[in-house]
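Record features (Swiss-Prot):
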REGION    1-110  region '3'BD'
REGION    167-253  region 'WH'
DOMAIN    282-448  domain 'Helicase ATP-binding'
BINDING   GLY295, VAL296, THR297, GLY298, SER299, GLY300, LYS301, THR302  ATP binding site
MOTIF     391-394  motif 'DEAH box'
BINDING   CYS510, CYS513, CYS550, CYS553  Zn(2+) 1 binding site
BINDING   CYS519, CYS522, CYS537, CYS540  Zn(2+) 2 binding site
Amino acid sequence: MNFAEVIVDVSTKNIDRPFDYKIPDHLKGMIKTGMRVIVPFGPRKIQGFVTAVKEASDLSGKSVKEVEDLLDLTPVLTEELMILSSWLSDKTLSFKITALQAMLPAALKAKYEKELKIAHGADLPPQVERLFSETKTLLYSDIPDHETLKLIQRHVQKGDIDVTYKVAQKTNKKMVRHIQANASKEELAKQAEGLSRQAAKQQAILHFLISEPEGVKIPAAELCKKTDTSSATIKTLIQKGLLKESYEEVYRDPYQDKMFKKTEPLPLTDEQRAAFEPIRETLDSDEHKVFLLHGVTGSGKTEIYLQSIEKVLAKGKEAIVLVPEISLTPQMVNRFKGRFGSQVAVMHSGLSTGEKYDEWRKIHRKEVRLVVGARSAIFAPFENLGMIIIDEEHESSYKQEEMPRYHAKEVAIKRAEHHSCPVVLGSATPTLESYARAQKGVYELLSLKHRVNHRVMPEVSLVDMREELRNGNRSMFSVELMEKLEETIAKGEQAVLFLNKRGYSSFVMCRDCGYVPQCPHCDISMTYHRYGQRLKCHYCGHEEPVPHTCPECASEHIRFFGTGTQRVEEELTKVLPSARVIRMDVDTTSRKGAHEKLLSAFGEGKADILLGTQMIAKGLDFPNVTLVGVLSADTTLHIPDFRSAEKTFQLLTQVSGRAGRHEKPGHVIIQTYTPSHYSIQLTKTHDYETFYQHEMAHRREQSYPPYYYLALVTVSHEEVAKAAVTAEKIAHFLKANCGADTKILGPSASPIARIKDRYRYQCVIKYKQETQLSALLKKILEHYKREIEQKHVMISIDMNPYMMM
């Protein structure tokens, strides 16, 4: 093959297509679809993906540039993933390069560097020449200041300095230095004997190697530790020819120091067996089917997953298990590693870039056959997939909010169709869309209505916080919750307290004039964080110190409103001074391994109360937890989002599911200011069916999913009028060109009307069947492409929005 079609690493509308490159003779027969290459593009060299190799090019009459270099020896993307990338960019209206990069770990994304080189015979002033190394090269990033940059620029224009563009990977393979003897044991003994007393450390190394088996290789760090020596001693012995060194690649394994207790399959209950049987039959017949496994919390869904995977692996096939990021607890990893050992790769955001890269390479090299991971693990480069499982399928974190804005569930179904294998969606509170599909027979519904071993569902009490206020209780803890906490701790049992937000106090307010500090770049109030006494914007990252006086009226009466985890922790220590509390939130778990340490400490009984935000709502299973308290059930209910009632019911049901999962019965106390709302009322009886009927009636009335599909077009500009006018034109174009059944809402200012100094307007498109919608939206992007490329106007399109803010 003589030519390669390459998608280059440039995210603009004009360049969103394959370019032809000539394959040089020395790379012929080596370049394959799915490989990464370095190609010249304009004045620079950039990374690209090979989408096809072919005999001839339509441009063969013109001068076609050559592929510069090959970055891979085997394709990093399989043929199936290459096809999937086209579907993904089409479905999400994203650039082809963006879709391709979404499938790979960050380590494989290119790092670009400009290198400056002194031209032959150039005469440079000493202050410039001094900056260049012995090889007469200098990295652009190493230029010390603007004055030097100006000087260098002049010499580049004169031709004294050449500029070249380099492409590198972000992470390298981890290589470990190994040491072994370079002589026989007799020779080593003889040399050791001839050494003086001053060379005792050299003797120690030689004696150690004499005691080891012949030809053994030992990591240099281990050798130094065992013989109490340094690398300088090793270097001396290498120079003497007695030792030799070699470098071997090792994986960065986040679990290498952990022992996983081997587990055996558990006997299934009759209900579990009835749910497992249809999955087993589908696996045996190699057909594609989507199952919705609707099982109450603690009903044994994980055991069904494990036994299904066992079947898949026994057939020599591979499996993907997706778990929400916050459910990827050590407990969850233990379940899969305990059953399948070294066949498991784990991928989540807690791993370093290098660790993620190494887990991906285990999959790519076919060294593992099961991946357990968060959203992006759906792109694991398996070529013989036998099953995909999505646990907690209702979780909104399966939807990516940046381009490409894909939903992992849709990608899973697409991949499973290709591999002719089943998808299992599991949840105690499925999305209305999934449950409606199961009711229509698009998915097959499997139900688990009881907890395993006949354990009862926890008793749920609702506490009306308005009544508490009327009765003079101004505390964030109701009388009932305080009594239950004291009783639980007195019995030596544990409690989980859940708060539906993060941070210390939600906002700061002046009690005299009502002023609330807003982010200067976004239309959103700043969040107060007590550690460091800072106000932070969670949208753009802006930070500032807490004001001591009001910037508006100079009053000193500044008050902190809201109840964040830090504040709750302080209150707890006042009202229950002897209680041991572990707080889990973004601040306490930001350091690597902190999440695991805190959960292990709680599991070992080192605390009475686990206090936290969303991250403690799922996947935790502690036998001694008998009480769950929800401090603020209403937070998610009052967000301007058509899914707010659904999210509230899901969250409260999931949190309630943490109580009484073993022998001891559980109790849940939910504090609320809106106890009559059906999403809160129905949590009491764990009644998903009734909630589904209620919410479906509301969605039908309001023309929301699953009755209609949604698309969201958001326009932003630094000038409010430009954003509004552009959004108005887009809405007008859509209204004129969409079908009569399609509804266009807006344009209106987005709920958060300004982020990072850009004003935001949005249009919501509600449609049942709109075959031309994708083409119409592409036309809009095409029409505004110049303004978009110049960053004047930004238009984002979300074909299945989960965030309406």
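Any Cβ shown, glycine's included, is placed from N, Cα and C.
Positions of the features from Swiss-Prot, shown on the structure.
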| residue | record | Cβ contacts under 8 Å, 6 or more apart |
| --- | --- | --- |
| GLY295 | ATP binding site | ALA275, LYS301, GLY426, SER427, ALA428, SER447, LEU448, LYS449 |
| VAL296 | ATP binding site | ALA428, LEU448, LYS449, HIS450, ARG451, MET457, GLY657, HIS686 |
| GLY298 | ATP binding site | ARG451, VAL452, ARG455, GLY657, ARG661 |
| SER299 | ATP binding site | GLU271, GLN272, ALA428, LEU448, LYS449, HIS450, ARG451, VAL452 |
| THR302 | ATP binding site | ARG335, ASP391 |
| CYS510 | Zn(2+) 1 binding site | VAL516, CYS550, GLU552, CYS553, SER555, HIS557, ILE558, ARG559 |
| CYS513 | Zn(2+) 1 binding site | CYS550, GLU552, CYS553, SER555 |
| CYS519 | Zn(2+) 2 binding site | SER525, MET526, CYS537, TYR539, CYS540, HIS542 |
Helix, strand and coil residues within the region '3'BD' (1-110) as assigned by DSSP: 30 helix, 31 strand, 49 coil
C-beta crowding around LYS301 (ATP binding site), within 10 angstroms: 24
Separation of alpha carbons, CYS522 (Zn(2+) 2 binding site) and GLY300 (ATP binding site) (Å): 45
For the region '3'BD' (1-110), mean pLDDT (0 to 100): 93
Composition by DSSP (helix, strand, coil) of residues within the motif 'DEAH box' (391-394): 0 helix, 1 strand, 3 coil
For the region 'WH' (167-253), the number of residues DSSP places in helix, strand and coil: 41 helix, 21 strand, 25 coil
Mapped DSSP class for THR302 (ATP binding site), helix or strand or coil: helix
Cβ within 8 Å of the mean position of the Cβ atoms of GLY295, VAL296, THR297, GLY298, SER299, GLY300, LYS301, THR302: remaining residues of the chain near ATP: ALA428, LEU448, ARG451, VAL452
Protein Cβ atoms within 10 Å of GLY300 (ATP binding site), excluding its own: 22
Which of CYS522, CYS540, CYS550, all binding-site residues, has a Cβ with the fewest other Cβ atoms inside 10 Å: CYS540
Packing count at CYS537 (Zn(2+) 2 binding site) (other Cβ atoms within 10 Å of its Cβ): 21
Distance [Cα-Cα, Å, rounded] between CYS522 (Zn(2+) 2 binding site) and THR297 (ATP binding site): 39
Helix, strand or coil at CYS519 (Zn(2+) 2 binding site) [DSSP, three-state]: coil
Residues close to Zn(2+) 1 site centre defined by CYS510, CYS513, CYS550, CYS553, Cβ within 8 Å: ARG511, ASP512, GLY514, TYR515, PRO551, GLU552, ALA554, SER555, HIS557
Fewest-neighbour residue among binding-site residues, criterion Cβ within 10 Å, set THR297, CYS553: CYS553
Check: same-chain CB within 8 A of Zn(2+) 2 site center, minus CYS519, CYS522, CYS537, CYS540: PRO520, HIS521, ILE524, MET526, HIS538, TYR539, GLY541, HIS542, ILE755, LYS756
Local backbone state of CYS537 (Zn(2+) 2 binding site), from DSSP in three classes: coil
